[in-house]
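*Asks:* Here's a structure for you.
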Amino acid sequence: MTSKLMIRQILLALLANLTSLGVSSLTLFLIPRWLSVSQYNYFQLYLFYAAYLPYLHFGLADGIYLRYGGYSFAQLDHRRLAGQFWFLGGLCLTLSLGLVILTHDLLFQYLALALLLTVPKIWTSYLLQTTGKIDAYTRLTLTEKLCYAFSVLLLGLGGGLNVTRLIGLDLISRLAGLLYAGYLARTILFSRPPSWSVLRIELKENWLDGSKLMLATISGALMIGLVRWGIEKEWDLYTFGQVSLGLSMANLLTVLIQAMSMVLFPVLKRLSPEKLATWYPLLRNALMFTLVFLLVIYYPLEQFIAFWLPQYQDSLVYLALLFPLCLFESKMSLLINTYLKALRQEKVILRANLYSLAFSFLLGLYALLIVHHLTLAVLNIVIVYAFRSLYCEYQLQKSIPFVYWKDWILELGLVSLFILSNLTLNGLFALSLYLCALIIYLLCKKKDYLQSWQLYRKEYSHALH
């Protein structure tokens, strides 16, 4: 991949994720103004369950992502992929009908329809990302997100928005995304599927390759999901909504940072182990420099929420606890996970997520049931994500030798200071203290940043020649 093409794909990925960021901001800052607190909390519950629907591809999409990463669209076996798509579509239809028949809860009937519209689209979007068709993926994201945003704005500004219509608009936007995804991948989806004997072998290979990554992803999602579910059961829907709002705001930055991973993975797959080792410190230093400064965004965001959404003041406490989540999650998804996938070390990701899930369960059990302490339950999320990030990076050292004990201590120190200062001091004093800590951090990292800059200039000059 040439430098110009890579830059173009990064810009396209940024456009797609900036759109997602804009729609997420709409959901966070406008919808709570238009809905009552009880209706918004119900909508948060719908989004909570809907977030787990993409994992019901049962590892088939992950298998394609791992096996065919770096391939071009033309190099793929269209017939085998068509067979997998229609098999997955039939499986989703069966699950959706079963959910409708077995439950009379309206929320789960909405989710049954969302399942049918979401999973095939997710499978297709994985296919586009795997083959480096970032322009097509960007158009797909724009279609779905803008369809949702414009329709919500029209109803919201017209005063006709309620939770039922909001969920309906979400389903319509998912349908638009599915139809456009089918159009983008039409040469594959409408190819003649192979015989069942051939398809069965392909399904098995993709499932075996993708199941570990799928289980890792699900267990990673459950690290937060278990705590949120426990809060909804042990407290009430109001508290669940307040915590969910804080968590969603903390994840806003992660949406933007994750834009790079879809571009980075196919590039890393083509690099030799020596090159992977060379580029890791450069990428890590650049990413962490960005992330520790992005935490400063918390302070104006806190003031804005207090003014714009006064009925959600309680969520500010949880936002102070959860905002550093973007640091650990961004480092994990953009850098560490991408490297581990490129090195085909999905087992490390799975192990890390399973250990973290068990850790989250034990901490959550203590916080929710034994001491019944909501702040500790929320803080559990950040602790577990920090543990997972450190564990995976420690395991990555076995394939790419590096030593980052100093960095880990500095990063954990910054995050601890950020949380404690925002819980105990007012905004101005907390900001001043964090800025002083940032200056100390930069002084400690000055030599590393200079070395990374020299390495970048050296590698870039080699790429040009």
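Heads up, the Cβ atoms here are built off N, Cα and C, so glycines get one too.
These came from TrEMBL, pasted as-is:
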- 49-69: transmembrane segment (TRANSMEM)
- 81-101: transmembrane segment (TRANSMEM)
- 107-126: transmembrane segment (TRANSMEM)
- 146-165: transmembrane segment (TRANSMEM)
- 171-192: transmembrane segment (TRANSMEM)
- 213-231: transmembrane segment (TRANSMEM)
- 243-265: transmembrane segment (TRANSMEM)
- 286-309: transmembrane segment (TRANSMEM)
- 315-336: transmembrane segment (TRANSMEM)
- 348-368: transmembrane segment (TRANSMEM)
- 374-391: transmembrane segment (TRANSMEM)
- 427-444: transmembrane segment (TRANSMEM)
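Describe each of these features in terms of where it is and what it packs against.
*Replies:* Remote same-chain residues near the transmembrane segment (146-165) are listed as 19, 22-23, 26, 30-31, 34-35, 39-40, 42-43, 172-173, 176-177 (criterion: CB distance under 8 Å, separation of at least six residues from the stretch ends).
Beyond the transmembrane segment (171-192), the same-chain residues lying 6 or more positions past its ends with a Cβ under 8 Å from any Cβ of the stretch are 76, 78-79, 81-82, 85-86, 110, 113-114, 117-118, 120-121, 124-125, 127-128, 133, 136, 139-140, 143-145, 147-148, 151.
Counting same-chain residues at least six beyond the ends of the transmembrane segment (213-231), those with a Cβ under 8 angstroms from any Cβ of the stretch are 48, 51-52, 55, 57-59, 62, 65-66, 239-240, 243-244, 247, 341, 346, 349-350, 352-354, 356-357, 360-361, 364, 368, 374, 377-378, 380-381, 384-385, 388.
Distant neighbours of the transmembrane segment (348-368): 212-213, 215-217, 219-220, 222-223, 226-227, 230-231, 234, 337, 340-341, 374, 376-377, 380-381, 383-385, 387-388, 391-392, 395-396; these residues of the same chain sit at least 6 beyond its ends, with a Cβ under 8 Å from one of its Cβ atoms.
Below 8 angstroms of C-beta separation, residues 220, 223-224, 227, 230-231, 235, 239, 243, 246-247, 317-318, 321-322, 324-325, 328-329, 331-332, 336, 352-353, 355-356, 359-360, 363-364, 366-368, 408, 412, 415, 419 of the same chain, each at least six residues beyond the ends of the transmembrane segment (374-391), sit close to that stretch.
If you look at the transmembrane segment (427-444), the same-chain residues 6 or more away from its ends with a CB under 8 A from one of its CBs are 292-293, 295-296, 299, 302-303, 406, 410, 413-414, 417-418, 421.
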*Asks:* Taking pairs 6 or more apart in sequence, does the count of Cβ pairs under 8 Å between the transmembrane segment (286-309) and the transmembrane segment (107-126) hit 3 or more?
*Replies:* no
